[in-house]
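Quick look at what TrEMBL lists:
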DOMAIN    5-60  domain 'ZZ-type'
DOMAIN    64-116  domain 'SANT'
DOMAIN    68-112  domain 'Myb-like'
REGION    235-259  region 'Disordered'
COMPBIAS  319-339  compositional bias 'Basic residues'
REGION    319-371  region 'Disordered'
REGION    412-436  region 'Disordered'
Amino acid sequence: MSGVIAKYHCNYCQEDITGVRVKCAECPDFDLCLQCFSCGAEMGAHKNRHGYQLIDCGNFPIFQAPCNWKAKEELVLLEAIEQYGFGNWEDVSQCLPSRSVEEVQEHYNTLYIMGNIGKATWSVEPSFLVKDHTSPDSGPLSPSAKTNISAGDLTAAEQQELGYMPCRDDYEREFDNEAESLISQLSVGPEEDELEVALKLAQVDMYSRRLRERLRRKALARDYRLLEQFCGQGRAKGAATPGTTPSRKRPCPDEDREQQDKMRVFCQFQSSTDHEQLFENLEREKELKARIKDLMRYRRNGITKLDECAEFDLARHRREKRKENKKKSVQGSSAHRKPSSMASRKHEEKGSADPTLSEQGGDVGEGSKEATDISTMLSYELLSEKERKLCQSMGISPTYYITFKTVVLKDQAQRRRQGSPSPKFRSPSGLDKSNSRRILSHFANSGWISAN
């Protein structure tokens, strides 16, 4: 290599061609510059009618910006590295007078080694370091196995008393402590037959099963913290330190304790967290069932909004309290005199036959004597003007009136579908016959029931 960029000269004017040249396709090694070609120069066997090719001398870049290297410079760079060797940047830069040593080195490393060309052509050199051929061991006795065994809340004295060694997670006397006697005297000799070897393998299998049972019980005791509970009960029975109280669990009801005792057998099949979650779910189920019963009772009494439930419960507690006071007064008076007749007993049986009306109505007589204002009671806005005046005059609550009206109209519609004669309505408990006739008369005048 001459060390400089190759140049072409025009065969007609003998000038150097620095840009695009015209090469004759028929004459060998015949080049013209653009000026001579435009004039139609002819020389020797070359005629201006010959075919030609336009060839650029390499003045265009082959890489994208910001690279400003021309194609002929890239060609000279590769030929110089091939001649002088990689790393000899001073000699390579002499072939490129317009480029410094740093520019040549940076350009080649960036585009031909670290760039896409280098990724596609250069292979990673093999490392001469020692390769680790050992496979990772994840067994129970592996050095990489990190099992943090905690002694829980046991003190050193309690650990010594129990014979527990927390670092080894062993006891001085294990469960089924004689299990090792099965294999302690075993030895396999070359002269033994297959039957003896099979018998000894069976003994090893028996020992493995007994060992798994020991580990299962140990894991169960650790999971449910049985040792801490046992030692905690012992500390609670002993003398407590002045100023301190032993920690105790919150006492649970007898029903929950009985249920826990029944389901204790399932502890071995689930973890302590799952077992505790099971009891929480059962308790939640019990609460939901109780709440569903309360909501059904509200619906039976005509309550459809949650805001009215508190007022209804307050009124029900008041009625129950009045009933208790009335029962106490009746019991106190009955100690001095006997019941006069069986009429009162029949009246009580008749009142208990319809629990819905008796629960809602309560003592209507007392309500009429107190002459309470029904405008603040539940379901008042559901009544018409006539019905409000009727309830106000009789002193009954709107809820009691609506329930009585629902029962009467439902019974009337059922008898009409069945073709039965007109019903003979029964007065609910706590409502005298005159008020009952007034309500039925209002129903008849409104056209809800027949006049008969």
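For all residues, glycine too, the Cβ spot is worked out from N, Cα and C.
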Counts of helix, strand and coil residues, the domain 'Myb-like' (68-112), according to DSSP: 32 helix, 1 strand, 12 coil
For the domain 'ZZ-type' (5-60), mean pLDDT (0 to 100): 85
Residues of the domain 'ZZ-type' (5-60) by DSSP state, where helix covers H, G and I: 5 helix, 16 strand, 35 coil
